[in-house]
Amino acid sequence: MATGRAHRPATRSRGIPEATVARLPLYLRALTALSERSVPTVSSEELAAAAGVNSAKLRKDFSYLGSYGTRGVGYDVEYLVYQISRELGLTQDWPVVIVGIGNLGAALANYGGFASRGFRVAALIDADPGMAGKPVAGIPVQHTDELEKIIQDDGVSIGVIATPAGAAQQVCDRLVAAGVTSILNFAPTVLNVPEGVDVRKVDLSIELQILAFHEQRKAGEEAAADGAAPPVAARKQQRSTGSADQGPDGDVPAVMPA
């Protein structure tokens, strides 16, 4: 099987927007689930619902791939799986190195979804000499001194950084110098890379903060709604007491002449 060095996905040269590229894995996941259930075709509405997007956006995205489906029939599931996999570069082997084998790095190493999507964990690397040689997910951990040699020997172009923030930039620099051109960064820091190197950042704490913002907003909306709509019993009491205090025109209390 060819390695990652032999190919670059054609999405940039074909002018596919980055937003569309970001949604292709969502479509592929939904299509793979349909394929596993032996579903032969799917409508744009059904696939859009499964992927969590609207059908108009899905049809626009697929137009960049040259796939328009068949009126009254829908999309061929198996063909779309192949087409999207090819566009994402998943029809071949992509060797990956994971640097930083702490709790997060070990969890990534044990993730079973990499191999089925075309990513082979070529090496696990850590700066702790005590980790060297210890197996994680059946792969022996290697010391960072071996980083450059591993990248060159295995033809690695994708690196995953799961180190503490303070070590991430130095690891990034070494990866890039050794020939890595795509980095998935789990370290809570921003990496500086030269032009031509792609970085995707995954910060779980930021995602949780965004969720906290939405939770706070929902709580505020609920509190505002509760304050704007008094209970039914309170409204009835207001009406009954108010009628005794109002004058004949309903605006001021009635005053009897002396």
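Each residue, glycine too, has its Cβ placed from N, Cα and C.
As recorded in Swiss-Prot, the features of this protein are as follows:
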type     : residues                                       : note
DNA_BIND : 26-65                                          : DNA-binding region
BINDING  : Gly100, Ile101, Gly102, Asn103, Leu104, Gly105 : NAD(+) binding site
COMPBIAS : 225-234                                        : compositional bias 'Low complexity'
REGION   : 219-258                                        : region 'Disordered'
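Listed in chain order, the residues near the NAD(+) site other than Gly100, Ile101, Gly102, Asn103, Leu104, Gly105 are Ile98, Ala106, Ala107, Leu108, Asp126, Ala162, Thr163, each with its Cβ within 8 Å of the site Cβ centroid. The Cβ of Ile101 (NAD(+) binding site) lies under 8 Å from the Cβ of Ala109, Leu124, Ile125, Asp126, Met131, Val136, Val141, Ala162, each on the same chain and at least six residues away in sequence. Residues belonging to the DNA-binding region (26-65) score a mean pLDDT of 95 in the model. Annotation for Gly105 (NAD(+) binding site): spatial neighbours Ile98, Val99, Leu124, Asp126, Val136, Val160, Ala162, Thr163, criterion Cβ-Cβ under 8 Å with sequence separation of six or more. Around the Cβ of Gly102 (NAD(+) binding site), 13 further Cβ atoms fall within 10 Å across all displayed protein chains.
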